[in-house]
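Q: Before I ask anything, let me first share the structure, which is written out below as structure tokens.
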Amino acid sequence: MLQYLTLLLDCPVVIAAIFICGFGGTFQYGFSVSAMTSPSAFIKELVGEVCRDRYGVHLQEWQVSLIWSFLISIYCIGGLLGSLVAAPLVTRLGRKRCLLLNNFVTIAGAVLMLLSRTARSFEMIMVARLIYGISSGIGLSAHSIYLVECAPKRLRGMVGVTVATFGSFGKFFAQLLGISEFFGTPEKWPWLLGFNGLAALLQLVTLPFLPESPRFLLLDRGDQQACETALRKLWGDKDYSTEVEEMLEEKAALEGVRSHSVLELIRNQSLRWQLLTILVGFTGLQLCGINAVYFYCFEVFRAAGIQEHQLRYAALGTGLCECLTSLACFMIIENTGKKVLMLRGYAGMSVVLVLLTITIYFQEHVSWLPYCSMVLVFIFIFWFASGPAGATAPLPGELFTQQYKSAAYTIGCTISWLGLFVLGMVFPIVEKHLHGFCFLIFLFFCVSCGLFFKFNVPEIKNCTALQVAAEFQKMHTKQEEPKHTKTDVREPYETKF
């Protein structure tokens, strides 16, 4: 582990890129997901007052809740739209320019949030949430691609984990700023919802000092000199002829092959296992049960005797647990490998979901079980943050070459946003009927994802995209027809129709 940290410290510009991209990338996603929890009562009150004073309509409680649910869900719709346009944007504009321009979108949404209370308009919050979603959809893809392409091969896994780390940090920071001592008050809540603009402004000011992705410069723009200059700026003033040669080999293998669309990636049979890995990984990320555990943590804390006014402070512990575990994952991923982390994570979460179902069902009958449930909540967050959360986000950038990378990120992010939207709409209904037994649904996804990664995905630590393709082909050779027994690393990236 120390050798990897030493290597990272030798690349101070990469460290700067991690922080600069993080605050304008997945931090925005995590913050937006959690920020609406604290001012929910104030926003619902604003909805009722606006409808009464402006439209002369007295809303019932269920009608206010319906509008509130739409305010939450429209963020996912925006995220889906953003993820769909991310692939062409990062390909045409470049990774760095795409991130830069995306900040203006976020700032526009932040201005609407800040003015919403003064203008007495919940519609402005609705539009701002849609804008935040679009920005997050673009930022998730651009942030992940840029960082993975800027990191040295030996540090790619470690740097990739920071994508999830800043998402966790965003959730925790929103919980922290949402307490009454900061912005969780009837007067200050617009500043909480507008905080995304400050993070976007920070990236807008600092990102121009970083170089464009070296891989994009060489493989997409064909500018070897600019690529070498970017490598020296990112990794230090050394000889990187080996790294450039590897990229040139990939470029030669893909000579005459253009960047492919999502449909072309789906139709390419030779990439089906990589595509399935993305589908399973990003589906599992949303349907593993982490959102259900966060939903139930307040009930668990109440049962453990924590006072109602102290629940927000207790919830800070869950966000802090996810942040610290993600940092620990950052330290161990290069030694452990992504496949092992995924297996351990899904296996650990599966066991915890079984135990949590039992403890929640019997906690009203046994006095000490609520404390067990509380411990299990933190253990589940630990397994999630140390496995799927850290290892899934950078997968598209490591499984696919340059021509398919943008399309792969689009598919992964689209699945993630759809999963989040469906979960937000369906989970309250499922929970109402199944109560604690709803965890068994997520248990199915955890077990399925764990088995898939165990038997169908090779270890990809320190591998290039072409080497990963060869490993997938080698692993599934016995399942192929005899004509496919010969390994040719160029074949998976030749589109055949």
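We count from 1, first residue shown onward.
The backbone N, Cα and C atoms fix where each Cβ goes, glycine too.
In case it helps, TrEMBL gives these features for our protein:
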TRANSMEM  7-31  transmembrane segment
DOMAIN    18-461  domain 'Major facilitator superfamily (MFS) profile'
TRANSMEM  66-87  transmembrane segment
TRANSMEM  99-118  transmembrane segment
TRANSMEM  130-148  transmembrane segment
TRANSMEM  155-177  transmembrane segment
TRANSMEM  189-210  transmembrane segment
TRANSMEM  275-296  transmembrane segment
TRANSMEM  311-333  transmembrane segment
TRANSMEM  345-362  transmembrane segment
TRANSMEM  368-386  transmembrane segment
TRANSMEM  407-427  transmembrane segment
TRANSMEM  433-453  transmembrane segment
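Show me how these features fit into the shown structure, please.
A: Only residues 6 or more beyond the boundaries of the transmembrane segment (7-31), in the same chain, are considered here, and those with a CB under 8 A from a CB of the stretch are 79, 99, 102-103, 106, 132, 135-136, 139-140, 142-144, 146-147, 150-152, 154-155, 158-159, 162-174, 195-196, 199-200, 202-204, 206-207, 209-211, 233-236, 393.
For the transmembrane segment (66-87), the residues of the chain that approach it from at least six positions outside its boundaries are 29, 32-33, 36, 40, 43-44, 47, 59, 98, 122, 125-126, 129-142, 261-262, 406-407, 409-410, 413-414, 416-418, 420-421, 424-425, judged by C-beta separation under 8 angstroms.
Long-range contacts of the transmembrane segment (189-210) within the same chain, counting only residues at least 6 positions beyond its ends with a Cβ under 8 Å from a Cβ of the stretch, are 13, 16-17, 20-21, 23-25, 27-28, 31-32, 35-36, 38-39, 42-43, 96, 99-100, 102-104, 106-107, 109-111, 113-118, 125, 128, 132, 135, 174, 177-178, 182-183.
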Q: Quick check: do the transmembrane segment (155-177) and the transmembrane segment (130-148) share at least 3 Cβ pairs under 8 Å, counting only pairs 6+ apart in sequence?
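A: Counting Cβ pairs under 8 Å, at least 3, so yes.
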Q: Counting Cβ pairs under 8 Å that sit 6 or more residues apart, are there three or more between the transmembrane segment (345-362) and the transmembrane segment (407-427)?
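A: Contact criterion not met.
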Q: I need to check the long-range neighbours of the transmembrane segment (275-296): which residues 6 or more away from its ends have a CB within less than 8 Å of a CB in the stretch?
A: 265-266, 268, 318, 342, 346, 349, 353, 356, 360, 377, 380-381, 384, 388-389, 392, 395-396, 399, 408, 411-413, 415-416, 419-420, 423, 427, 431, 436, 438-439, 442-443, 445-446, 448-449, 452-453, 456-457
Q: Grab the pLDDT values for the domain 'Major facilitator superfamily (MFS) profile' (18-461) and give me their mean, rounded.
A: 88
Q: Ranking 99-118, 130-148, 311-333, 407-427 by Cβ pairs under 8 Å to the transmembrane segment (368-386), which is first?
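A: Result: 311-333.
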